[in-house]
Amino acid sequence: MAAGKFASLPRHMPVNHQFPLASSMDLLSSKSPLAEHRTEAYPDVSIHGTLPRKKKGPPPIRSCDSASHMGTLPHSKSPRQSSPLTQDLILEKPLPDWKGDSFAFRDPYLLDPTLEYVKFSKERHIMDRTPERLKKELEEELLLSSEDLRSHAWYHGRIPRQVSENLVQRDGDFLVRDSLSSPGNFVLTCQWKNLAQHFKINRTVLRLSEAYSRVQYQFEMESFDSIPGLVRCYVGNRRPISQQSGAIIFQPINRTVPLWCLEERYGTSPGRGREGSFAEGRPDVVKRLSLTTGGIQARDHSLPRGNLLRNKDKSGSQPACLDHVQDRKAATLKAHQSESHLPIGCKLPPQSPSVDTSPCPNSPVFRTGSEPTLSPALVRRFSSDARAGEALRGSDSQLCPKPPPKPCKVPFLKVPPSPSPWLNSEANYCELNPAFAVGCDRGAKLLSQALDSHEMLLTAKQNGASGPRNSGINYSILDGDDQGRHWDPLAVQTDEGQEDETKFVPPVMETVSSFRPNDFESKLLPPENKPLETAMLKHAKELFTNHDARVIAQHMLSVDCKVARILEVSEDMKRSMGVSSGLELITLPHGRQLRLDIIERHNTMAIGIAVDILGCTGTLENRAGTLNKIIQVAMELKDTMGDLYSFSAIMKALEMPQITRLEKTWTALRHHYTQTAILYEKQLKPFSKILHEGRESTYVPASSVSVPLLMPLVTLMERQAVTFEGTDMWEKNDESCEIMLSHLATARFMAEASESYRMNAERVLADFQPDEEMTEILKTEFQMRLLWGSKGAEVNQNERYDKFNQILTALSRKLEPPSGKQAEL
């Protein structure tokens with residue numbers, strides 16, 4: 001075979017007739033060897049109709065030799081003359097001037113001209129591909145629904161494992177691809193710790209009823225209805241994909257070409273070869289429409305299965321099998337025929353064992369339109385990956401051709417209409433428990449009994465007894481031994497004389513604070529006292545000075561655990577809260593009062609520590625010593641006690657503007673207590689910043705925390721109109737939205753790990769012997785009475801904070817008067 005365009009001609013393909021070998025120059029010769037054959041025995045075949053008859057000259061040449069390649073024959077050495085055999089043909093591509101080429105004889109087994117033209121059109125269409133066209137097709141894929149996997153650029157389709165490993169280069173890079181070893185499943189490829197890792201996305205099918213099912217995806221813990229939802233959760237929350245690897249994904253690797261191009265590039269298109277698959281994946285490739293059943297059955301095996309390339313065209317009542325027959329104008333249909341009744345004879349895709357299908361009709365003509373469904377209210381969820389790329393017959397309403405079984409005609413459990421909350425007008429066959437309709441005879445016997453027990457049924461429901469579910473999920477898959485049981489209204493009987501201990505008690509919505517300063521019985525304070533009494537301040541300072549920093553930290557932890565309801569929570573309190581710990585209660589709507597109490601104690605504690613520092617009217621060394629003792633207590637709370645709540649209160653006091661402006665006091669601390677000053681600057685301040693930026697889970701092990709950081713969460717949920725401290729420092733950060741999300745995620749973890757915090761607190765306070773006076777001065781009621789007096793403690797919170805802010809400013813200026821250049825507070 002000669003080089004050039006003749007190289008694309010296939011070899012050894014049998015046809016109906018054999019011709020003698022002839023040179024291409026014989027087409028221009030008047031003495032063609034083909035003249036010996038009678039042309040009447042070989043009817044002409046042409047893609048544009050019949051060739052013009054030859055009036056004079058040599059016998060006509062078959063169109064398969066002269067016109068099948070559409071002007072691809074080479075020039076002769078002499079200037080080519082227009083032949084009467086080819087003058088009416090349309091050249092689709094200008095011919096180059098080939099000179100000096102030598103031509104060999106043709107293969108006697110020539111391809112049918114119609115099929116050869118289709119193959120030539122495919123190859124030419126591929127050669128005409130431009131980056132603009134690919135970009136446009138990629139944009140069309142990305143504009144699909146967000147729940148469609150193809151609309152996400154991080155989905156790369158059927159690419160090999162090695163290729164995906166080469167795409168992820170940095171820690172956090174990830175992409176999703178089809179599993180080549182397990183068709184129908186998906187794999188997440190990412191890089192973590194400079195190592196490419198592959199995680200199979202587990203696919204679980206939940207049976208909602210006999211005829212319907214739902215697909216969910218998960219890695220280890222939480223499951224999702226779609227893969228995009230799964231990826232959004234793990235990327236947004238920076239959640240490790242697995243506990244063993246700890247891999248975190250946050251940087252998607254996006255594809256730059258359409259999915260079909262990736263499959264053809266790496267040769268991973270399922271069920272077809274490399275040569276023909278490149279064009280079959282394109283929607284605008286010219287294809288011949290055959291109206292014969294035999295031709296389509298031969299072509300049916302080449303249809304792609306298992307990919308997501310063409311699902312976007314299968315909608316409505318348009319037959320999906322016509323996706324592979326694009327050139328509809330090529331077929332001549334009669335007036336009474338429509339495209340929906342073309343005898344395409346496509347086979348149904350293989351169904352999963354859990355879904356029953358009816359056999360495909362033998363007739364090549366069948367209905368492809370929509371059919372009404374029995375359950376219009378039920379949203380059928382079919383994952384795009386389970387049936388992707390398969391030729392579907394008719395619209396999506398025929399994916400489950402077998403309807404659910406009809407109920408028994410005897411309404412053996414039918415009761416008169418009632419306003420029961422579980423009755424719903426949208427109930428359908430899927431809501432029926434199959435165990436109900438074991439036999440119609442049994443149902444007929446129970447009919448009269450059920451009608452008589454209707455009043456008892458309503459009474460039982462008011463008492464909290466459960467009836468038949470009206471939800472889309474059949475929980476029988478979770479009830480291993482109770483699958484055969486069904487709800488019997490006659491069995492719902494309760495003794496009015498006996499009280500059910502397991503009866504649900506609604507939680508109590510608390511409206512009054514647990515801090516009652518005027519009802520507080522104190523051994524140190526009189527029944528009525530004035531704000532900031534000197535004798536009380538001096539006695540409290542002596543107690544604070546005489547005790548060790550660790551002992552003070554233990555007392556603070558003990559009081560904090562009682563206020564936050566971590567320790568000493570009675571059963572009655574648990575029943576009224578609805579939960580077992582205050583750490584879970586503060587995340588719930590009816591925990592508002594506890595959140596306000598936590599804010600009150602935190603602010604009161606911070607103000608009391610500031611007063612302890614600013615109330616030292618003695619020498620500069622005394623103030624530095626008090627500051628040193630407070631920093632030591634903060635270190636004990638952080639390292640030994642794990643009480644991050646009181647730790648944040650101390651750090652808040654030390655970072656108040658009235659304290660930070662005391663330059664002489666901080667200088668004296670550096671001179672006399674150098675090690676303490678270094679610990680404060682190098683450890684405590686950076687650690688406090690990490691806590692308020694929501695990164696404590698990275699630097700603080702959960703096993704060492706007794707009381708977590710509560711203030712960011714309760715502040716977000718109970719923001720006051722006027723706060724003592726103004727906005728928190730993390731709210732002034734450029735990444736405040738991400739920090740807020742991190743605090744909310746930490747709150748969820750707090751509620752889940754409340755039992756772990758309780759055990760840690762009990763372990764730390766195992767050998768603790770409390771001192772009554774030290775415990776009293778650390779209680780919130782005592783501090784409120786000491787700071788605002790017996791009358792002022794009952795005043796509005798915002799008013800109290802605003803007035804005390806002015807008092808602290810005055811005390812600070814009295815200790816160290818501002819210079820002329822110093823800006824006023």
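The backbone N, Cα and C atoms fix where each Cβ goes, and this holds for glycine too.
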In Swiss-Prot, one of 444-448, 594-598, 744-748 is tagged region 'Mediates the interaction with BCAR1/p130CAS'. Which stretch would that be? 744-748
Can you break down the region 'Mediates the interaction with BCAR1/p130CAS' (744-748) into helix, strand and coil residue counts using DSSP? 5 helix, 0 strand, 0 coil
Give the distance between the Cα atoms of Arg748 (site 'Required for interaction with NEDD9') and Ser182 (phosphoserine), rounded to the nearest whole Å. 36
So if I measure Cβ to Cβ from Ser182 (phosphoserine) and keep only same-chain residues at least 6 apart in sequence, which ones fall under 8 Å? Lys200
